[in-house]
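Attaching a single structure in structure tokens format; questions to follow.
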Amino acid sequence: MKTRTLAAALILTLSLGTGAAQAEDKVPADILNVSYDISRELFAQINPAFQAKWRKDTGQSIEVKQSHGGSSKQARSILEGLPADVVTFNQVTDVQVLADKGFVRADWQQAYPNSASPFYSLPAFLVRKGNPKNIKSWDDLVRSDVKVVFPNPKTSGNARYTYLAAYAFALEKFGGDQVQAKDFIRRLLANVPVFDTGGRGATTTFVERETGDVLISFEAEVKGIQKEYGTDKVEVVIPPVSLLAEFPVAVVDKVAEKRGSRKIASAYLGYLYSDEAQDILAKNYNRVSNPKIAEKYKAQFPNVRLYTVELFGGWDNIRKIHFAEGGILDQVFEKK
Amino acid sequence: MIPSMAVSHHRHVQSKGWGRLVLIGLAVGLGVLLLAVPLAVIFAHAFARGWEAWWHTVSSPDTVQALWLSLFTVAVVVPINAIYGLSVAWAVTKFRWQGKKWLVSLVELPFSMSPIVAGVACLMVYGSSGLLGGVLETLDLKVMFAVPGIVIATLFVTSPFIARELIPLMRLQGTEEEEAAQVLGAGGWWTFLAVTLPNIKWALFYGLILCAARALGEFGAVSVVSGHIRGETNTLPLHIDLLYHDYDGSGAFAAASVLTLLALVTVVLKILVEGKGKPQE
């Protein structure tokens, strides 16, 4: 019985769908937002708000569907045919992959404010209750009595930010001396007892297996972990210096063109910059540039001196110099 | 573990019951440690925040959809595999022909392949830049990142289960009964329905159950081809993974408890079928 109603509904929607598509010059009733793996709760709050606003503005009911996975894997899936109208990733390089293959326009970073990144975060620390090892900044992480947990920078974008933030700190500390900075990173990596492949694995290692004294991940994430596991177990420490991590967005032109969804897709990404969406983002511990909302959540976000990837000459250079085969990461890993 | 084994071996000479006791103890102990404890933990976590929280996750539209998709996949995959398994076993055990060994090896290939490789292989065939990608695009057929892709990947991974159950039994039974039927004038279909099928029915059931259990739990291959669209192409195992990675631990365990319950159903069915099948052999 259930299946029969389901089938009937399916046929009905299909026929209605094609009819409507012809009548309205191919405007779809949904878009697909392909996103990174830990943004489910965030977009579960943003999407209904956008849908309500779109209905108010245009009278049309639409649905924003979500797909979540590691953002490199997601980019790969889009190249293989996953019909994403928009992407909201946590790695600039993964959007760039789509741009290189002509799925996203080449100047996508100019399409929206702040290099098309509606919010940002930074690598921060999670320590055990009461901060028994008194960990305050990156300097404390290379102490011989401190064990550090973060995923493998070879496989995890999250860990790449940690690596770069530590590197930026070291360059500042040693007045730009590359040799000393490299040595600093070598000591940091030597303090990591186990490299998990992804952020979630590292969290399990730290919280559930109780390995290590400090876990490094994005500020929004460590605060989320604290919420999940409780303040009686772990504490968040925000270092005075860190690196700005962008969360880039783009319309996937190739798909939007084909589906006729460009108008909704662009409006959706534009909406992420509105007061309403920025408020939701900030509520979920993401930092935003909107001055009004930033002011409202000021108490939640301590001041941090933030470097950007421009310190390293942008992602292309970072890839070549640091993370490519035989790059600086390989060199300091080998010395371990 | 090793010292206790040595001891049991030594005592074996003096008392017959001692070694048996240690072995049984080991088997039960390890079984409890490796299987029963994690199972209990799943349910403990699932209900840690009470029945209401459990029901809240389990009845959420995304979980319900994921459950339906998983059951739908099983409902499509199992019959196809049954036909495939029967024809392979029939061809291999009732006839003599060249290349039989190759076919058996080919059938068993998915067993020794990692599911992730199976998923990627599907992508290489049906994805946009894959072998058939251009054709599918012109026909506007969505295979990858849609339900058909999930079914195909699951088919690939679960295809050996039924054939593997049937081949040894049918080989053991030989072809005498079929030959007798043919001599008495039965046609091919009639021979199959009246002679072969009754002889193998319990092994077939057993294979169906194994196949269903595996299809229900398949993660790796499906993860590659699903596209992870919430409420659309997320199967139950993928949904559990999503909840878990999103720091919704209790939600993940609640969904996991549903999958576990379904698995336990297949286990019970399996026990029932095993009991039935035994006297035949």
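In case you wondered, yes, glycine gets a Cβ from its N, Cα and C as well.
What TrEMBL says about a protein is an automatic prediction, not a curated fact.
Predicted, not measured: the structure shown is a model, and the values here were computed from it.
The annotation domain 'ABC transmembrane type-1' is assigned in TrEMBL to B:67-273. Taken from TrEMBL, the feature transmembrane segment covers B:21-47, B:67-90, B:102-126, B:146-163, B:249-273.
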Compare B:67-90, B:102-126, B:146-163, B:249-273 by their Cβ pairs under 8 Å to the transmembrane segment (B:21-47) and return the stretch that comes out on top.
B:249-273
Go through B:67-90, B:102-126, B:249-273 and flag the stretch with the largest number of C-beta pairs under 8 Å relative to the transmembrane segment (B:146-163).
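It is B:67-90, which has the most Cβ pairs under 8 Å.
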State the residues, same chain only, that lie 6 or more residues beyond the ends of the transmembrane segment (B:102-126) and have a CB under 8 A from a CB inside it; answer 'none' if no residue qualifies.
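That would be 88, 91-92, 132-133, 136, 143-144, 149, 152-153, 156-160, 163-164, 167, 218-225.
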